[in-house]
Amino acid sequence: MPEAACKETWGVFPCSVSLPGSMVLMLVYGRLILYAANWLSDGSELLLEILNPGLIGGLVLPILGALPDAFIIAVSGLGGDQQEAQQQISIGIGTLAGSSILLISLTWAGCLWRGRCDLKKNGLMKDKVLTRTWKLAATGVSVDELTPLGAVLMGSSVFLYAFIQIPSILSRHYHSYASLAGAAACFIFLAAYCGFQVLYPEMQKRQIEAAKKKHKRMSAVRIMEGSHGKLMNDDGSLNMRNVEPLFREFDKDDSGAIDQVELRALLLGLSISHGRQANVDEDVRFWMKEFDRDQDNVIDLGDFCNVLHRWLSEQREGEKQRKASGRGTPDKHQLPDEEHQLVERDEEAQDEESEDGNQEGTSGDGKQDDSDSDSDEDDEKPPPTPGQIAAKAVFLLVAGTAGCAVISDPLVDAVSNFSTASGIPAFFVAFAVTPFAISAGELVSSLQFAKRKRSKNLSLTFSQIYGAVTLNNTLCLGVFLLIVHFKRLTWTYTSEVATLVGATLAVAGLGAATRSYRTWLAIPVALIYPLSIFVVWVLDYKLHLDE
């Protein structure tokens, strides 16, 4: 095909029909849409700080997470005439199937492997304990009672494919009402699912609790490094020249250990903890639980160094992953202030009930905190107002949505051109490329979260996986079926649907059947991804299922 046959998208975005050129453009546009997806994620996280977490976490976050996939599906079927749309819509089904199977296969298995711990006799995990590293049957993860429900909902959502698949099997003719009815069923299921997430408070409480702990860790690390200098060397070891003085500064009695009174002074002295007495008490309990590994109610230098090293390593890895996924390094001053507002507002309601019984000692602590805060007031930026946070969130959401909408079209063209130039069917190219382009940040974030090796963290991680696939099977499928209806396209995706439904039901059945997953399960679950490609190839090109 001559290069002249290639038409720039909107006369702006470059295109190429050659194999090297289309490959480069596919990678470039994939990277750009990843930036847009990350803007959507960052904007939605900011909304959590100023709006009802139940509304944002249950309704807005799931829809925004599925938005990039939905744009690609829409663009793949809306362009050109009916014949061109029929050819390019395979990119949409490839994106839909690839995104879902990536989540329930490689992401699911990766989280199981990274989060594995020793298992108790009852099958539940021992948080943060891994002594039998390579004993795949004696290690694993466990989730809470609510997580299997997410797997059930995910498994139920795949039956929406029956609205279009069964009529297509019974007859090769176009079924206008079947695709329209299927789209309506998808959006009804989506509305019910989002309503359930908003009205069911327990799932939201878990997300808030995980966010609060993350905010405390990262904020404390930044404050300590701001007051005592760099605490970790470039090679990943602790900078003991700064760590030991930090420890000794608050070991007032030179006993070699920090007790709760000295810990309280540390938190208040560094302005890590401030506000009401109940907030300070909670921070003391949190730090003591994190650092007191010997359960002796004091923190010795060994405990302090071990846990501080883990916090610093988590922060460094998180920043590296954010850079790798195009999200950059978080602002060292503004972000902790924004995070603190979310934590503080969540605690205020609880403080009101116990405020009367927790007044003793407040004035003394308050004076110390105020004096320290006053001394640094001129050097630090004031915390952003709710209006400023809202403006930034709206900007990121608009930019992310516009970016996904704009970049989806040239990305689909690049995938189509690469498919033509290489001779690889567009479905397989879209299956392998677009999900990684869109979900790279989410994949890395899930693996990093699972690495903490806590049942609560893993429960949230697996719930997010199940929720993302459910949104693919409702919002994205609904958009797909609307395109099939209005463009009067023929449904010829029996093998793709059969593979997707089989893979989803297998993982949903596993997730719903038990709260404990042994490590060996990561192997067959990870193999679902390559096996799905092979199964579709056999059904389409060997058995000719759709002919």
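The backbone N, Cα and C atoms fix where each Cβ goes, and this holds for glycine too.
What TrEMBL records for 329-344 is compositional bias 'Basic and acidic residues'.
Residues annotated as compositional bias 'Acidic residues' in TrEMBL: 345-358 (among others).
What TrEMBL records for 371-380 (among others) is compositional bias 'Acidic residues'.
Long-range neighbours of the domain 'EF-hand' (238-273) within the same chain, counting only residues 6 or more positions beyond its ends whose Cβ lies under 8 Å from a Cβ of the stretch, are 219-220, 223-224, 227-232, 279-280, 283-284, 287-288, 297-301, 304-305, 308-309, 312, 365, 368-369, 372-373, 376. What TrEMBL lists as domain 'EF-hand' is 238-273 (among others).
Tertiary neighbourhood of the domain 'EF-hand' (279-314): same-chain residues 213, 216-217, 220-221, 231-232, 236, 238, 240, 243-244, 247, 256-260, 263-264, 267-268, 272-273, 344, 347, 351, 358, 365, 448, 452, selected by CB-CB distance under 8 Å and a gap of 6+ residues from either end. The domain 'EF-hand' annotation in TrEMBL covers 279-314 (among others).
Feature annotation from TrEMBL assigns region 'Disordered' to 315-387.
Summarising the annotation, TrEMBL assigns transmembrane segment to 17-38 (among others).
Per TrEMBL, transmembrane segment is recorded for 50-77 (among others).
Long-range Cβ contacts of the transmembrane segment (89-113) within its own chain (Cβ-Cβ under 8 Å, at least 6 residues beyond either end) map to 69, 72-74, 76-77, 140-141, 154, 412, 415-416, 425-432, 434-436, 438-439, 442-443, 446-447, 449-450, 458, 461-462, 465, 468-469, 472-473, 476-477, 480, 483-484, 489, 493, 496, 499-500, 503-504, 507, 517, 519, 521-523, 525-529, 532, 536. Marked as transmembrane segment by TrEMBL: 89-113 (among others).
Residues or ranges marked as transmembrane segment by TrEMBL: 134-164 (among others).
The feature transmembrane segment is assigned by TrEMBL to 176-196 (among others).
Summarising the annotation, TrEMBL assigns transmembrane segment to 393-412 (among others).
Positions annotated as transmembrane segment by TrEMBL: 424-444 (among others). For the transmembrane segment (424-444), same-chain residues at least 6 beyond its ends with a Cβ under 8 Å from one of its own Cβ atoms are 26, 29-31, 33-34, 37-38, 41, 65, 68-69, 72, 87-88, 90-95, 97-99, 101-103, 106-107, 110, 321, 324-327, 411, 415-416, 418, 468, 496, 533, 536-537, 540.
Per TrEMBL, transmembrane segment is recorded for 465-486 (among others).
Summarising the annotation, TrEMBL assigns transmembrane segment to 492-513 (among others).
Residues annotated as transmembrane segment in TrEMBL: 520-539 (among others).
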Close approaches to the transmembrane segment (176-196) from elsewhere in its chain (Cβ under 8 angstroms; 6 or more beyond its ends): 58-59, 62-63, 153, 157, 160-161, 163-164, 167-168, 470-471, 473-475, 477-479, 481-482, 484-485, 488, 491
Cβ contacts the transmembrane segment (465-486)/the transmembrane segment (520-539), at least three under 8 Å, sequence gap 6 or more: no
Segment confidence, the domain 'EF-hand' (279-314), expressed as mean pLDDT: 82
